[in-house]
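First comes the structure, then the notes that go with it.
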Amino acid sequence: MSDNKKTFCDDMRKATREIHAISDALVNAKLALGLHNNKIWADGLLIFYEIFKFLEKSIDAKIHEKIERFQFLYDLKRSQAIENDLNYYLNKDWLKNYSPRPAVVEYIDHLKNLETDNPILIIAYIYHLYMGLLSGGIILRKKRQLIQKLMPFNSGASKLDGNHVTDFDELSIYELKKNVKRIMNEVADELDEDTKKSLIDESKQVFLLNNKVIQSVQGVNAVIFKKYVPIVLCVIGIVLMFFIFRTRD
């Protein structure tokens with residue numbers, strides 16, 4: 001395949017550009033505070049734990065020979081890494097009392113329906129979630145590490161504590177992304193046009209479901225209240241003092 005040839009991944013990116021932009025904005029709005037708040041960061045990991053676990057089981061179960069092709073990317077498996085990070089943030093007993101929230105249940109139910117009715121469409125989720133992790137996930141990790149250097153909030157933590165999900169040892173992120181795209185494009189080259197269109201349509205659903213679970217991230221409003229209400233009250237106090245002294249004059 002020529003490097004200059006338009007690929008199926010290009011088609012998916014173009015078709016999902018608008019909904020992807022909304023998703024990016026939601027991540028920035030919801031998880032930006034998680035860059036220096038472990039509670040929000042952990043909740044951001046928690047919402048995707050069941051989703052990655054389901055996708056990785058689908059790959060291992062060989063429910064469709066096209067999905068099986070993604071077994072080559074064994075280095076990308078993240079559900080255990082997420083579990084390790086949540087053990088760090090929530091303690092090792094968190095799974096005993098854990099149950100997925102409604103937005104996650106809806107997501108998993110949709111994946112189960114696809115697994116039964118049209119399993120090849122699960123490829124859209126495999127592609128977009130792992131590419132998202134290798135792109136936006138890595139960017140968020142770097143920002144979080146920078147903030148940690150400037151304003152330490154994980155006293156005594158090692159480099160890997162709470163960061164397993166974005167740790168790929170010495171593997172090149174560029175090469176991992178290239179391999180995901182290569183497999184996706186190779187699979188698409190073997191599909192008929194109707195199936196490719198269905199995959200592109202399902203790609204939009206990926207981001208719609210992602211947005212729902214991202215919106216469910218907890219603790220953001222409380223942090224905003226705690227951080228900014230004192231500032232607002234201070235400003236109000238200054239304004240009131242200004243008017244009091246002005247009235248006296």
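Backbone N, Cα and C atoms are what each Cβ position is placed from, and that goes for glycine too.
The heme b binding site annotation in TrEMBL covers Arg13, His20, Tyr127. The annotation transmembrane segment is assigned in TrEMBL to 120-140, 228-245.
Positions of TrEMBL features highlighted on the structure.
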residue : record              : DSSP class
Arg13   : heme b binding site : helix
His20   : heme b binding site : helix
Tyr127  : heme b binding site : helix
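Largest Cα-to-Cα span within the heme b-binding set Arg13, His20, Tyr127: 14 Å.
Shown in sequence order, Cys9, Met12, Val180, Met184, Ser203 are the residues of the chain, 6+ apart in sequence, with a C-beta less than 8 angstroms from the C-beta of Tyr127 (heme b binding site). Local packing around the Cβ, expressed as the count of other Cβ atoms within 10 angstroms, is greatest for His20 among the binding-site residues Arg13, His20. If you look at the transmembrane segment (120-140), the same-chain residues 6 or more away from its ends with a CB under 8 A from one of its CBs are 9, 12, 16, 24, 27, 31, 34-35, 48, 51-52, 55, 58-59, 63-64, 66-67, 70, 73, 76, 78, 111, 114, 165-166, 173, 176-177, 180-181, 184, 187, 191, 195, 198-199, 202-203, 205-207, 210.
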